[in-house]
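The structure appears below as structure tokens.
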Amino acid sequence: MRISITDLCNLRCLYCMPEEGVCKKNHEEMLTFEEITKVAKIAAELGIEKIRITGGEPLVKKGIVEFIGSLSKINGIKDIAMTTNGVLLKKYAKDLMEAGLKRVNISIDSLRPEKYAEITRGGNVYDVLDGIQEAIKLGMAPVKLNIVVIGGYNEDEVVDFANLTKDDDVEIRFIELMPIGQAGSWAKEKFISNETIKQRIGNLIPLPHQPSSPAKYYKLPNGKGKIGFINPISSHFCGECNRIRMTSDGKLKPCLHSNQEIDIIDIVRNNLPQLREVMKQAILAKPQQHYLYTEGFELGQRNMSEIGG
């Protein structure tokens, strides 16, 4: 289960959030950490064993370390991970790990300071690189780096990213650009398929596929780490998807690429016993596939920062 705890972020990535940011919602519109923990407990009772915390950027949320600690105490939850932009990771990594965080996925779309600042509208890539090294040092294995490849911006860095796996046991994951939110109007124009990226890297050795993973993995000869390709557009993996998402304003999303949302905030606050059945129905409502580029289909206007990827 992927749980977004905030739609706020300390970056403004081109495909994720408007340049001016998003309007801060009233506290009443957002689930509290205590309420999210209640949802997580019921999810565990239904058999969900893994939770991934996302945003926005989860590390800007006050009380994040204590919240991870409360999740780690839930019976049945075996794995807690986080997707972060890594800017604040060096500061929080040790405390998060001691609280029960097992793994991190770090979003980093360029290794070049100027290009990174352009894509993120002001970010400092060295903060992220420091966070990555801290996670590796602490043993948050496997450390995964997520790269969204955008034509005209960072497709010339794919070999540089792949080469990071030569000396470090990290997972580099190339994710195809999706037409969601801010990227809705220009994703087709800037789209680079993962097949094209594989050809640019060349000399990749395929690894056994893990059915629970959205990525197909390869490695470089003599490389320590792995290189993954997540193809939501060119070769969707809907049939193997076992994720369900919850937004920070209390909407269950059976599918990232669907407009279907189930509002549970009132149920959590006023009729908690009903939540188990609602969550079961949400899981059963997962569509067989997405229709992102099907003629006539229009995805809602939520930014990626509101959904959590």
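Every residue gets a Cβ built from N, Cα and C, even glycine.
What TrEMBL records for 1-215 is domain 'Radical SAM core'.
Sequence annotations record features per position, and here TrEMBL assigns GTP binding site to ARG2, ARG52, THR83, LYS144, ARG243, ILE244, ARG245. A strand conformation is recorded for ARG245 (GTP binding site) in the three-state DSSP classification.
Look at TrEMBL and you will find CYS9, CYS13, CYS16 tagged as [4Fe-4S] cluster 1 binding site. The DSSP secondary structure for CYS13 ([4Fe-4S] cluster 1 binding site) is coil.
Residues within less than 8 Å, Cβ to Cβ, of SER107 (S-adenosyl-L-methionine binding site) and separated from it by at least 6 positions along the same chain comprise CYS13, THR83, THR84, ASN85, GLY86, LEU145, ASN146, ILE147, VAL148. Per TrEMBL, S-adenosyl-L-methionine binding site is recorded for TYR15, GLY56, SER107, MET178.
Look at TrEMBL and you will find CYS238, CYS241, CYS255 tagged as [4Fe-4S] cluster 2 binding site. Under the three-state DSSP scheme, CYS255 ([4Fe-4S] cluster 2 binding site) falls in the coil class.
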About how far apart, in whole Å, are the alpha carbons (Cα) of ARG52 (GTP binding site) and CYS241 ([4Fe-4S] cluster 2 binding site)?
15
Candidates CYS9, GLY56, LYS144, ARG243, namely the binding-site residues, that fall within 10 Å of CYS255 ([4Fe-4S] cluster 2 binding site) by Cα distance:
ARG243
Quick one: of the binding-site residues ARG2, MET178, ILE244, which has its CA closest to the CA of CYS16 ([4Fe-4S] cluster 1 binding site)?
MET178
Express in Å, rounded to the nearest integer, the largest CA to CA distance found among the S-adenosyl-L-methionine-binding residues TYR15, GLY56, SER107, MET178 named in the record.
17
